[in-house]
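As written in Swiss-Prot, here are the features:
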- 514-529: compositional bias 'Basic and acidic residues' (COMPBIAS)
- 604-613: compositional bias 'Low complexity' (COMPBIAS)
- 614-631: compositional bias 'Acidic residues' (COMPBIAS)
- Thr198: phosphothreonine (MOD_RES)
- 514-534: region 'Disordered' (REGION)
- 604-639: region 'Disordered' (REGION)
Amino acid sequence: MAKVIGIDLGTTNSCVAVMDGKDAKVIENAEGARTTPSMVAFSDDGERLVGQPAKRQAVTNPTNTLFAVKRLIGRRYEDPTVEKDKHLVPFSIVKGDNGDAWVEANGKGYSPAQISAMILQKMKETAESYLGEKVEKAVITVPAYFNDAQRQATKDAGKIAGLEVLRIINEPTAAALAYGLDKKDGKTIAVYDLGGGTFDISILEIGDGVFEVKSTNGDTFLGGEDFDMRLVEYLVAEFKKDNGIDLKNDKLALQRLKEAAEKAKIELSSSQQTEINLPFITADASGPKHLTLKLTRAKLESLVDDLVQRTIAPCKAALKDAGVTAAEIDEVVLVGGMSRMPKVQEVVKQLFGKEPHKGVNPDEVVALGAAIQAGVLQGDVKDVLLLDVTPLSLGIETLGGVFTRLIERNTTIPTKKSQTFSTAEDNQQAVTIRVSQGEREMAADNKLLGQFDLVGLPPSPRGVPQIEVTFDIDANGIVQVSAKDKGTGKEQQIRIQASGGLSDADIEKMVKDAESHAAEDKKRREAVEAKNQAESLIHSTEKSLKDYGDKVSEADRTAISDAIAALKSATEATEADAEDIKAKTQTLMEVSMKLGQAIYEAQQAEGGAAADASAEEGGDNVVDADYEEIKDDDRKKSA
């Protein structure tokens, strides 16, 4: 039975794990790292780079290197958070055909789901390389506070990557699974997850294989990226103060500043001071300019203090919704790279009144939890029951634009809830059901997930028709809504697809694009491998021709030289063709066989001559000796 893998699709880094016997195991990627940067880059010649190779060239190709795209997934272009991000990233955020926020590279638009799919493909390939078999099914994690549109977009990304997404699981819940799988005694834990782009807090009761989420809260636009940008803004301001030059519009400089900010932030988690040194950051009429600045931990903490404080309100709300006090929390589990920051740990300690648990790897624990959930679905992990919740209230818009809740936030999923509504006007023959998600009292202030019409109602006075609206949330947190006229039995239902979102046709097209990209990538890799083999053969044949060319005929020498020239020409072509290189490599191997034969004969002749010489040299000094065979029995006696 093919393995189901667990993937933590992160804002900054992604990670893949699989069940290995009874334990979950993180799989190393082709570069030998346990996590992969969630970055995709497109070079000028159209080559696509994913992960570490994309990160390595980001400084020289800032406008075509896409990162932190998870923050845009499932969001409309007009979203205020998207507006904020537009001014902070070196690449272009554009309006997609469906009104969603898309990204642009080399003049071509990509949906965030497409870019996420490229990262998922890399995770899929990493797992396939380790397992030695095709992988087609996965469990993928999302921030607990993701709304329906964001969850659906993540599922779409999986489909584009060629994966059947068996389950979408919340990141804090996955972390709790990995942390508590071997815990038998009952505990109430808080999972504080501050990652690269999102923040989640979940309160769970765990024990004896049951993981019950009591409440969840968070902020889907708060994470390490914001900390980095805060530091970049400070560096830009300091440089302007000292040199009178504004680096804000210099995309190359901004990318270098971002890398330096991330590095400094990480260093300051273990040291009190670091130095940021960026030579030749820019130049003016007087010559090149360099940025050198000492940064203390205290300064960094003062710059990001409000960001850390923003995590407190969601924590308090989650405690309140779960009906517990901070003192009743037995353990606080830290997840996400930003939880390594001493200031964050200090705030968590003050809030919960206890030292947070640091026994799990914050970068890997979510992927491990996803792999455990994959094991549960596959039947490899027994006696585990996971009860998650919906993070936001769901309802419909009713008379006066009021948001009428059908399912309250923190309701255990899967769940189903029905409520009966009626018409607002006489002789109304159709009703529009507008489905929203959020906590505000007016529907317009919440996230509109989608809408549909129930038509064909018989003309009646207002208030008479009985329209039953049913919400059905599956274990992935994805919503299906139906409306039924009790009088006529007419029913209309939809799987909620965000008013933007990707249509089935869009997804199908992107799947085909991804497949053709995979074929292109394979072709490119084959060309590189063929080229490497060819260059190695050219080098060894040229050396042999130089050393032993006089041992073969003039015609053979010419044939070998011509074959070398033809193969060199094939490897140096702009669009290297793997099949052409392989054919010409084969030709060179065949024509150089006579050269190989000549080398072999020459070596044999040398070896024979050397043997004769040593026999002649040592002939007079040969000593004849008598020897006596000692049997094992005699040896034992003498011992």
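Quick reminder: no glycine exception, Cβ is built from N, Cα and C everywhere.
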The compositional bias 'Basic and acidic residues' (514-529): DSSP-derived helix, strand, coil residue counts: 16 helix, 0 strand, 0 coil
Where the residue listed as 'phosphothreonine' falls in three-state DSSP terms: coil
Neighbourhood of the residue listed as 'phosphothreonine', C-beta criterion under 8 angstroms, separation at least six: Thr11, Lys70, Arg71, Pro143, Tyr145, Phe146, Glu171, Gly218, Asp219, Thr220, Phe221, Leu222, Gly223
